[in-house]
Amino acid sequence: MSTSVPQPNLFDTGAAPASQDAAQPQPATNTAPNPANDAPPEKAVKVKAPTTSQPDAMTAEGYGANAIEVLEGLEPVRKRPGMYIGGTDEKAMHHLFAEVLDNSMDEAVAGHAKAIWVELDADGYLSVRDDGRGIPVDPHPKYPGKSALEVVMTVLHSGGKFSGKAYETSGGLHGVGVSVVNALSERLEVTVWRDGYEWQQVFSRGLPQGPIAQLGPSKKRGTRERFIPDPEIFGENAHFRPARLYRMAKAKAYLFRGVQIYWKCAPSLIHDTTPAEDKFYFPNGLADYLAERVVDTETVSEIFSGRVERKGEGGAVEWAVVWSAAGFGEHDGFAQSYCNTIPTPDGGTHEAGLRAALTRSLKSYAEMTGDKRGAIVTAEDVAAQAGIVISVFIKNPEFQGQTKDRLSSSEAQKLVEKALADPFDHWLTSSPKQADKLLQFIVERAEERLKKRKDKEVQRASATRKLRLPGKLADCARQDAKDTELFLVEGDSAGGSAKQARNRNTQAILPLRGKILNVASATGDKAKANQELSDLGLALGVQPGARFKEDDLRYERIVIMTDADVDGAHIASLLITYFYRTMPGMIRNGNLFLAMPPLYRISHGSKTVYARDDAHRTQILEKEFKGKKPEIGRFKGLGEMMPAQLKETTMDPKTRTLARVVLPESEDEVESLVETLMGRKPELRFRYIQENAEFVSEDLDV
Ligand SMILES: Nc1ncnc2c1ncn2[C@@H]1O[C@H](COP(=O)(O)OP(=O)(O)OP(=O)(O)O)[C@@H](O)[C@H]1O
Ligand SMILES: [Mg+2]
Ligand SMILES: [Mg+2]
């Protein structure tokens, strides 16, 4: 209700001066009379009881009981068709057909009809006839003067499917369907053959065009509805599409093997390959459907199909499942489900029950045959590449929402799980060869899923880290760690050569300013050393110390590549010590390596051999160049080598030698090792690296 809030009456053009009594409560125009109000008489005249003829009924003041309308009969359907058929587009219009067909299917499923005739005439009329019991035509006890047929056609929520007496399991649920079709049809004729007579009643936009008429005796049985959608609702240009009707009719026939559906369409309406006449009859039901669907698909197994009926309990389950490695057309897998022949495109409890049953049986088969990998299989893996069709018939189904798109009856899940368990167990054990193949296939799906998840994690992790990678890192292209290498190179010039010599895909280069790395005996610029070390940590993807996690390592191998001289040895020892102190797990795991760049290049004629050190040189001279006077060159550093040389001698996995850094076995050795490496005697360090026998084991790279 409106209240008398004090308001400057800005719009008042009447006699009362607004300014004078602006502070006084002003009765707003059109409020209900208020006897306690001291309003001036001329204003009271304006106040009158609301009537429907009031022009401003849309204002808040006009919103009274009169604004609350009750739509009678089928009016609401014509006012809000979207609420009943999901819109007024072509899809919605074809839903009219579904409603009428569903009613005939209910009659067939209930065991009273055997055949359904669908016919689209040249003038746009669609008719659906069945040979069922016929809609009752006797007078309705609650609506004097009206036949049951007229009630069914004109009263929402009227029908024979509420109690479960006339129909045990039905797609019809709300008693709304055919009345909606009637409301939205320009003209609808119902013909009923029943009790020896033919009856007919005609409607237009839901309104009877006369009483029900008895046309004469007939031995036929059944119901026919012939109708044309109302152009006022669907538009002048809306027409039924033969191909669409054909598809819908055929799909229904698969869902109930006890029905034959005859299709006929005026040839003048057909502009594609849709047949003008056809008959749908599928004695193997869903198995027939799936077989037809996968006719060009290579499948992993035969179709697993079956039907279980709970006699007397009003429940039945029918299913067909097959797996394909290549997928089904554009889909890897698909699931089509139905409840009481109503499609449930959003799935629901029946689909869940099927997945659960298949998964459980498959896992127990794996266990029975001693295949441990069955443990990782989930319902998701089972369904990922499966073509699934399932249809259940249950009493009082519950759907989510008005559109019946998703089944929510928990009973359906139990029913399906129970129904499928034994047949699938049996199917598996009766053909072990096929079962093993299927199990193998599904285990692979599970492994794929796990791998994908892991890859995703790695990718995500490296994507976030990538943002923080040190600028001087030349990263490799590969995102996951497998088979990748990080070369820690001394100095920018060697870094440049290494960048040219590397395999971009798997090898990354991080140039380091080695000298400032001496963390243990650091006397110099600590801040710069820290920057260097934090760059190193970022590149590796790990954190030093307690938070080090091996799995974070961004590369499989970390290769220290320094010059083959005293300085190089020093830097290598500093790095090894740093890793040893802060991330020993990396060494223990065998991720840390030393590159073995040559010190000498020995060539004679076209023959070139590289020597790691003096001893190696002596050995080579004796073995390879005996009696000759080869040219011997000494590399002053990595930066001096041609990229191709560096690649061949030190970096290319096919030709290089890497030494894996291993931890000494005992604590004592570790102590003396650190002393040797970190002490202030460079000669010791140098010798140590040169004779790295106990410390570095040579590992030919694979
Ligand atoms: N072909 C038919 N043969 C026999 N009875 C029918 C037929 N079509 C409709 N009926 C009767 O008319 C009733 C109303 O049909 P309608 O389609 O309006 O509602 P419903 O099928 O009960 O539920 P829903 O609104 O979910 O379709 C049905 O319950 C049934 O009793
Ligand atoms: Mg219905
Ligand atoms: Mg009805």
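Positions of Cβ are set from backbone N, Cα and C atoms, glycine also.
TrEMBL: automatically predicted annotations, no manual curation.
Taken straight from TrEMBL:
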type	residues	note
BINDING	TYR63, ASN103, ASP130, GLY172, LEU173, HIS174, GLY175, VAL176, GLY177, VAL178, LYS404	ATP binding site
COMPBIAS	15-39	compositional bias 'Low complexity'
DOMAIN	484-598	domain 'Toprim'
REGION	1-60	region 'Disordered'
SITE	ASN518	site 'Interaction with DNA'
SITE	HIS570	site 'Interaction with DNA'
SITE	ARG685	site 'Interaction with DNA'
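For HIS570 (site 'Interaction with DNA'), the spatially nearest entry among the binding-site residues TYR63, GLY175, GLY177, LYS404 is LYS404, judged by CA separation.
The ATP site in the record is lined by TYR63, ASN103, ASP130, GLY172, LEU173, HIS174, GLY175, VAL176, GLY177, VAL178, LYS404, and its two most distant CA atoms lie 49 Å apart.
Checked against ligand 3, the recorded positions TYR63, ASP130, LEU173, LYS404, HIS570 give no residue with a Cβ less than 6 Å away from one of its atoms. Ranking the recorded positions ASP130, GLY175, HIS570 by how many Cβ atoms sit within 10 Å of each one's Cβ puts ASP130 at the top.
Residue counts for the domain 'Toprim' (484-598) by DSSP state, with H, G and I taken as helix and E and B as strand, are 57 helix, 21 strand, 37 coil. Checking the recorded positions TYR63, ASP130, LEU173, GLY175, GLY177, HIS570 for a CB within less than 6 Å of any atom of ligand 2 leaves GLY177, listed in sequence order. If you average pLDDT over the domain 'Toprim' (484-598) in this model, you get 81. Neighbour density for TYR63 (ATP binding site): within 10 A of its CB lie 14 other CB atoms from the protein chains shown.
Minimal Cβ crowding within 10 Å, among the binding-site residues LEU173, GLY177, is found at LEU173. For ligand 1, the neighbouring recorded positions among TYR63, ASP130, GLY175, LYS404, HIS570 are ASP130, GLY175, by Cβ distance under 6 Å.
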